[in-house]
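Shown next, in structure tokens, is the structure this report addresses.
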Amino acid sequence: MKSNTRKTLDEFIIERQDDFQYSTGELSRLLNSILLAARVVSYKVRKAGLIDIIGAVGTTNVQGEDQQKLDLYAHNIFVETLVNREIVCGIASEENDNFITIQGLDQSHNNKYVVLMDPLDGSSNIDVNVSVGTIFSVYHRISPVGTPVTMEDFLQPGVNQAAAGYILYGTSTMIVYTTGFGVNGFTLNSAIGSFYLSHPDMKCPEDGNVYSVNEGNYVHFPRGIKNYIKYCQEEKENRPYTSRYIGSLVSDCHRNLIRGGVYLYPSTLKTPNGKLRLLYECNPMAFITEQAGGRASDGNRRILELTPTELHQRTPFYCGSKNMIDKIEEFIANEEK
Ligand code: P6P
């Protein structure tokens with residue numbers, strides 16, 4: 001089917017607006033704002049090799065990670081786009097220590113959504129031309145409309161998400177998102193700046209033969225995870241599995257979502273709570289994966305049911321095909337007996 005006969009994302013958002021009772025269109029406008037920012041960031045990412053925007057800026061974020069120029073650029077684009085459209089009352093970003101309070105142009109705090117995001121995940125891949133991504137998570141505020149946003153608006157369990165998605169700046173630019181009614185993927189036709197429905201109603205295969213983990217940390221993994229990795233490598237049944245690790249969460253999870261597979265970022269001695277952030281990496285990826293029929297766990301509990309206590313808290317993260325996550329939890333449980 002020619003791309004220009006496929007449904008555009010704008011048409012899709014309007015069509016699906018009726019999924020929400022009493023919809024006022026604000027969530028649709030929010031998603032459209034994220035799309036607009038995604039187009040701008042995509043343009044810069046594609047040009048990064050040609051203009052002086054690659055490399056570190058000499059500062060570090062709250063995680064203590066060197067901030068890349070594109071990290072901060074993406075952060076600023078998404079924040080400016082959302083602030084200027086008076087749809088959200090607050091934003092939390094990997095690039096900011098605290099959350100950002102947003103007042104409307106009428107100086108009110110009448111907006112009802114908060115957005116949490118990793119503006120450019122996998123940024124260490126930028127200067128070696130490997131795909132990177134943006135991850136976002138949307139919640140209805142808890143605090144009263146008309147008052148300034150509070151930390152409790154951001155520290156909600158993942159099951160409360162109103163929407164979640166990622167933009168993948170890969171061989172093509174894609175946005176994949178859910179509002180709780182399934183998962184759909186759209187691919188950007190950069191010649192005309194429109195996203196077209198390329199992956200309708202995405203389903204994560206219950207099984208897969210790919211495992212994604214940084215095996216350089218193997219010696220520091222919990223015993224159960226070491227045993228699971230050896231299980232993946234055994235010559236038995238449909239194994240050995242294939243090891244694929246891009247080092248970019250969005251890319252690894254996107255491949256596993258489509259083909260089946262599992263992504264693992266375990267706790268280690270150095271990082272007892274793992275590396276990945278619960279609020280703006282794990283929860284959105286977990287919401288998307290579950291909506292597509294997969295699973296996401298911290299090894300014992302469903303990611304979406306974890307109660308956050310800090311904005312940038314980390315969690316061990318296992319995400320992908322349902323039966324593979326079940327097997328990981330089985331190996332962990334056997335070692336904890
Ligand atoms: P490591 C990127 O920094 C990231 O947050 C994810 O995108 C990626 O999967 C992971 O960290 C890579 O971490 O320790 O294996 O380099």
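Note that Cβ sites are derived from N, Cα and C of the backbone, with glycine treated the same way.
Where the annotation comes from TrEMBL, it is an automatic prediction and has not been curated.
Annotated Mg(2+) 1 binding site per TrEMBL: GLU94, ASP118, LEU120, in sequence order. GLU94 (Mg(2+) 1 binding site) falls outside any helix or strand according to DSSP and counts as coil. Non-local neighbourhood of GLU94 (Mg(2+) 1 binding site): ASN61, VAL62, GLN63, HIS75, MET117, ASP118, PRO119, ASP121, ARG277, TYR280, GLU281, HIS312, each in the same chain, at least six residues away, with C-beta under 8 Å from its C-beta.
TrEMBL lists ASP118, ASP121, GLU281 with the feature Mg(2+) 2 binding site.
For the recorded site, TYR265 (substrate binding site), the DSSP three-state label reads strand. Listed in sequence order, VAL213, ASN214, LEU249, GLY274, LYS275, LEU276, PRO316, PHE317, TYR318 are the same-chain residues at least 6 apart in sequence whose CB falls under 8 Å from the CB of TYR265 (substrate binding site). Under the heading substrate binding site, TrEMBL lists ASP121, GLY122, SER123, SER124, ASN214, TYR245, TYR263, LEU264, TYR265, LYS275.
Sequence annotations record features per position, and here TrEMBL assigns domain 'Fructose-1-6-bisphosphatase class I N-terminal' to 7-200.
Here TrEMBL flags 205-331 as domain 'Fructose-1-6-bisphosphatase class 1 C-terminal'.
Among the binding-site residues GLU94, ASP118, ASN214, the residues whose Cβ lies under 6 Å from any atom of ligand 1 are, in sequence order, ASN214.
The most densely surrounded of the binding-site residues SER123, ASN214 is SER123 (count of other Cβ atoms within 10 A of its Cβ).
On the 0 to 100 pLDDT scale, the domain 'Fructose-1-6-bisphosphatase class 1 C-terminal' (205-331) averages 97 in the predicted structure. According to DSSP, ASN214 (substrate binding site) is assigned to coil rather than to any helix or strand.
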